[in-house]
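Asks: Could you have a look at this structure, given as structure tokens, before my questions?
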């Protein structure tokens, strides 16, 4: 037998059930007999104070006004705050509004500014009440007549209750302000072209398309003839856009990975492998939307965790909520990981085979540096990518991506698009982004400038001794394995159906110089 009560008053208790078979509750049931139809919130608090109810029930009746117990169990506070420069946004409203428009962002700048002004006013009111409460508290320390003391006690109670209400309102307002402000994208570099992807600027072209004197095959046909892939079995096992690599394709993946890591280590990068499941909050701090309507992120049901879509996310989290010494910068990492993407909305022949898949291996570069150095490191990253792909003999072009194609964190982004003769078009194989302090303000990554640097900046009015600054973060792809396999198979196919392995990869593939049909 079970009794269900509906609680009236400041909160609604949807289903508070007392089971007669519960030994811990049975001694209390006679106190409620005959069971009333309703209980007021005050009555429930009284019962939990005067009778020995179990702790979970005592906690259960402590619910904010207007909120049900069911809601209390599921409601979660906004768990993290970005250090957003709201004053700068307000003072540069026109530039921010123009940036939001050119990037096709859904951010509501007017709402953010309205919430900011309201929060400032509410903060002033909270400070005023705190001051008045302190005045009352100081008066209470002296000798007072009983009547005067009682009046101060009553005044203190009123101030305390008013302050609690205002502080709750301020907390809610701050959370809403954070949520809306985090939708505002990073500002764009002044040289970034304005418009959609078609407006992107050509930075560089390397090589020219190879001329074939035989019919060109795409990587899917080549893979089938050379026994390198199995899409059908993977589809049965996992669904569409999954694959098995076989035979030399496995060696090619391992070779590409080790080659990319070895080459970047020569340039001062520290190698990492990373977790591939992370907290949703980390994904958000890096500028991605793990639970949006068109998200590319796989979220794990009934948890706050996600599968990573890029190693940029876990590498960005290594120094989260920390202050780095100036001598530690720059920090340069190269990380190997598997990546998982929903590829929502992707369809058509342009996505067939290995070009667009749900799971793939990738080698990612990531840099944390001083703000004044990020532009030069961005150039370094794209030059590393160009050197890597040039050494393999690929024909590609580098683009300075337009505002409409920039993700929220990017200040500037260069894309590398390689020629894929089997597909008959260029396809993106890499990108390099400067995110300035967009991610570090969310991740809480600062550094403390050295004494010499602080002294130099102070003369220019930029910093005071002992102050910390947010680092700048950059990321770039050294090797996205499936698309590199597409490029290599299609560009280096031979008339007899074999595929030549570029020389730089051969030491990482046991000396293999060519992939041939089985039996040849």
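Just so it is clear, glycine is given a Cβ too, placed from its N, Cα and C backbone atoms.
TrEMBL entries are annotated by machine, without manual review.
Copied straight from TrEMBL:
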type	residues	note
DOMAIN	266-502	domain 'Aminoacyl-transfer RNA synthetases class-II family profile'
BINDING	310, 341, 364, 475	L-serine binding site
BINDING	341, 342, 343, 357, 358, 359, 360, 428, 429, 430, 431	ATP binding site
SITE	477	site 'Important for serine binding'
Asks: Looking at the binding-site residues 343, 360, 429, 431, which has the shortest Cα distance to residue 475 (L-serine binding site)?
Replies: 431
Asks: If you compare CA-to-CA distances from residue 431 (ATP binding site) to each of the recorded positions 310, 341, 364, 477, which comes out shortest?
Replies: 477
Asks: Could you list the residues of the same chain, at least six apart in sequence, whose Cβ is under 8 A from the Cβ of residue 477 (site 'Important for serine binding')?
Replies: 362, 363, 364, 365, 385, 429, 430, 431, 432
Asks: Excluding 310, 341, 364, 475, please set out which residues of the same chain place their CB within 8 Å of the center of the CB atoms of the L-serine site, keeping sequence order.
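Replies: For the L-serine site, the extra neighbours are 308, 309, 311, 312, 313, 339, 362, 477.
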Asks: The record names 341, 342, 343, 357, 358, 359, 360, 428, 429, 430, 431 as the residues that bind ATP; what is their largest Cα to Cα distance in Å?
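Replies: Greatest Cα-Cα span of the listed binding residues: 19 Å.
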Asks: Please list, in sequence order, the residues in the chain of residue 341 (L-serine binding site) that are at least six apart in sequence and whose C-beta is under 8 Å away from its C-beta.
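Replies: Within the chain, residue 341 (L-serine binding site) has Cβ neighbours under 8 Å at 296, 297, 298, 309, 358.
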Asks: Neighbour count, 10 Å Cβ-Cβ cut-off, for residue 358 (ATP binding site): what number do you get?
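Replies: Here the count is 19.
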Asks: Given the binding-site residues 310, 475, and counting only Cβ atoms in the protein chains shown, which has the most within 10 Å of its Cβ?
Replies: 475
Asks: Just to confirm my parser: what is the rounded mean pLDDT across the domain 'Aminoacyl-transfer RNA synthetases class-II family profile' (266-502)?
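Replies: Mean pLDDT across the domain 'Aminoacyl-transfer RNA synthetases class-II family profile' (266-502) comes out at 92.
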Asks: Between residue 310 (L-serine binding site) and residue 360 (ATP binding site), find the distance joining the two CA atoms and give it rounded to the nearest Å.
Replies: 10
Asks: Measure the Cβ-based neighbour count of residue 364 (L-serine binding site), defined as the other Cβ atoms within 10 Å of its Cβ.
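Replies: That number is 27.
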Asks: Within a 10 Å radius of its Cβ, which of these binding-site residues (343, 360, 429, 431) has the fewest neighbouring Cβ atoms?
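Replies: 343, out of the binding-site residues 343, 360, 429, 431, has the fewest neighbouring Cβ atoms within 10 Å.
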Asks: If you pair up every Cα among 310, 341, 364, 475, the residues annotated as binding L-serine, what's the maximum separation in angstrom, rounded to an integer?
Replies: 18
